[in-house]
């Protein structure tokens, strides 16, 4: 099960008790103090791991504790430090104070390790308290307590391409067709109730991550339906693929404008992402009807049909595609018709999207 929001109570370890001990040796009836210090309590760290994709490993764990420090021993033997607690999280995890709502960490980079809570300091053993007036102190310090914080972890998926469309538009089918993701697919609205990630292999050494974002409806940015809960997952997606259902009762242009409006209402920044448009379920229409609807949609967007067909698009269906090297980000990179079921233009879509992904990665690395 995908979990994107979890609350935990986290404890760092308590410091170990300092020891009260006296040196015991043959012929030394009253040896001096030699109680060792207690060990420090374990710290709490967050570690970002790109191979972790969800927060589901925290399911059912309400309280997590680092180990307490061990008490000191005689002969000035220092107590063992408590074992640290390392919380492994996927990239895109945000850590909030559950009570104040304050953002504590925004964890994005793979391998990033941050100290969250320091363990309590171990108490000093009695040898520290020997003085001219007190040669045999019977006092040692207790260890300092650890820290306790209630936190909320929130995961925002980080993907190269986010699929955006109304419920049942075919996003789950597409992602299962061109990636290694195997979502459950059924023919009803809100099939996808949680975001899913798929790794799309372009070649042996080249791939990109696609996020199947749950279908949104008009008013999602205002919290209607399940929309607002899931829109946050595309905030960090680098590019967007709008998916328009050509077999739907909804007019294609109306679908597109509604989706754009929802994204803009949710985040102006998100609405400015590089984007492309896939016209889905084209196999459900007669070829002449499909051509007519595609041509009208392209004209309604004030675009000119055609472009460099370097990706091997099927010529029987009209399309619009830009040159990636002269890309105008105010327009879609492409408008192409697809069918995941009949595999129409699926490979072409994959290669075209990868060009867009490479461009976005290159620009991000040069910033």
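From the backbone N, Cα and C atoms, a Cβ is placed for every residue, glycine too.
What Swiss-Prot records for 165-172, 190-194, 212-215, 280-283, 339-341 is GTP binding site. All protein chains included, residue 339 (GTP binding site) registers 23 other Cβ atoms within 10 Å of its own Cβ.
Among the features that Swiss-Prot reports, Mg(2+) binding site is placed at 172, 192, with the record citing sequence analysis.
Annotated domain 'Obg' per Swiss-Prot: 1-158, in sequence order, evidence recorded as sequence analysis.
Mean model confidence for the domain 'OBG-type G' (159-358) is a pLDDT of 82. Annotation comment: Swiss-Prot describes 159-358 as domain 'OBG-type G'.
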Mapped DSSP class for residue 168 (GTP binding site), helix or strand or coil: coil
Binding-site residues (168, 172), the one with most neighbouring Cβ atoms at 10 Å: 172
Winner by Cβ contact number (other Cβ atoms within 10 Å) across the binding-site residues 165, 171, 281: 171
Pairwise Cα distance for residue 165 (GTP binding site)/residue 172 (Mg(2+) binding site) [Å, integer]: 11
